[in-house]
Amino acid sequence: MARRSSSFVCQSCGAVSSKWAGRCDSCGEWNSIVEEQTGSGIGGGPGRAKPGRGRVVPLVGLSGETREAPRFLSGIKELDRVTGGGFVRGSALLVGGDPGIGKSTLLIQAAAALARGGLKSVYISGEEAIDQVRLRAERLGLADAPVALAAETSVEDILATLDASPPPALLILDSVQTLWTDVVDSPPGTVTQVRASAQAMVRYAKKSGTAMVLVGHVTKDGQIAGPRVVEHMVDAVLYFEGDGAHQYRILRSVKNRFGATDEIGVFEMTGAGLQEVANPSALFLGERSMNAPGSAVFAGLEGSRPLLIEIQALVAPSPLGTPRRAVIGWDSARLSMILAVLEARCGVRFSQHDVYLNVAGGLRINEPGADLAVAAALVSSLSGLALPANCVYFGEVSLSGAIRPVAQGQARLKEAQKLGFDRAICPQGNVKDGAGPDIAAEGLQELGEFIARISARTGVQTRD
Ligand code: TYD
Ligand code: MG
């Protein structure tokens, strides 16, 4: 018989230690360590049974016949774009996001679309009762779709149910935190349970050729709670982002064994569920204040998709000894860097001012290509001069104040042109990207050149 032993597992990061402590050494979280029994089962760990004699597996060369991953489309274009062209048979996908962001809504819509298209889809809800799921389906107008539904949390029962009939094309498990298996003794929701349950389900997906979607909730700091461990087991991880104040939801791929990462899909939450947004730039610029100082349009790139986003800055005289810097939707360290470059290289002073920066529409930008647009918005707000409404900005700013070229200049310029912009201020290195007849790209080599133009018109305070 396998020896049973206990170990102490941090519920925040999954670190295992041999004794209890008030604070996890690994992630620094307080009161997150829980004693867990580890059996000989699929959880692995210290109690794992001694392996018997293994079987010989054939070793093969790197070249050989490979097949394209077999895919099928979900029928929701924005979702298919993010997965890299549809669900992959025999793969596991994790969809993470804050509670209430719309994960269940999106997945029931996908399950219904597939079922209507004649593919078998199974939706297992561990969080909501059958009636709740049915009510939602009715509200979404999906009640007639032949989705196979169950409210169940036991992995053994789910597997027995699935084994009783041909495997489905799509299996949705909502959510991974509610699953539990008999094989390990820990309570549901603990890292050990989540890991063991997810492992058993991933094995089923690989064996049966089902495309499986696991739903996972995210903690405040943006990590998939506890089941960070699940990220390593699955083939693709998608995050569903957005904030309560906005109707827009962004689905972003952060890991994808079958496609590109950082690809985004844009949805709008409406009374009739999630609607795809085919032209997100128009949406993000929809509420733009054209003639207000502090607003700059950034021609950005999310994955392979060009996206125009309004960057808003407010620079106001500060009564405080240490002025405030607040950022929403961008990296605060990056903002400090841009402010430092503006001060040190261009002589624009912000030390007496509070600085607020906001990316409109609830979007989060990770790209350094936004530097120039941020600098433009900051200087515009400080000087009180509105930037021209027909102009977009992009470019990376280096610590020396040089403007560095960014990837996909042409795609950015095209998108700007499509939305009616006729000027772009961008890195010199991107000008050759061929702006086309309808948009004039003005190249910059130094941030100072841009400041010089603005100060010529407003006399913004500079050292020289
Ligand atoms: P839900 O999909 O339950 O979120 P999650 O599974 O990520 O926790 O989404 C719930 C929210 O979406 C809830 O606040 C109500 C809103 N909603 C709509 O606005 N319209 C709709 O048609 C539906 C179904 C939900
Ligand atoms: Mg849900």
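Cβ from N, Cα, C; glycine included.
As recorded in TrEMBL:
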DOMAIN    68-218  domain 'RecA family profile 1'
BINDING   GLY97, ASP98, PRO99, GLY100, ILE101, GLY102, LYS103, SER104  ATP binding site
MOTIF     255-259  motif 'RadA KNRFG motif'
REGION    354-464  region 'Lon-protease-like'
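For the motif 'RadA KNRFG motif' (255-259), the DSSP-based tally of helix, strand and coil residues reads 0 helix, 2 strand, 3 coil.
Long-range Cβ proximity for GLY97 (ATP binding site), meaning a same-chain Cβ under 8 A and a gap of 6 or more residues, is found for LYS103, HIS217, VAL218, TYR239, PHE240, GLU241. Sorting the region 'Lon-protease-like' (354-464) by DSSP state (H, G, I as helix; E, B as strand; all else coil) yields 45 helix, 25 strand, 41 coil. Candidate binding-site residues: ASP98, GLY100, SER104. Those with a Cβ under 6 Å from ligand 2, in sequence order, are SER104. Surrounding the centroid of the Cβ atoms of GLY97, ASP98, PRO99, GLY100, ILE101, GLY102, LYS103, SER104, where the record places ATP, the chain contributes additional residues within 8 Å, namely HIS217, PHE240.
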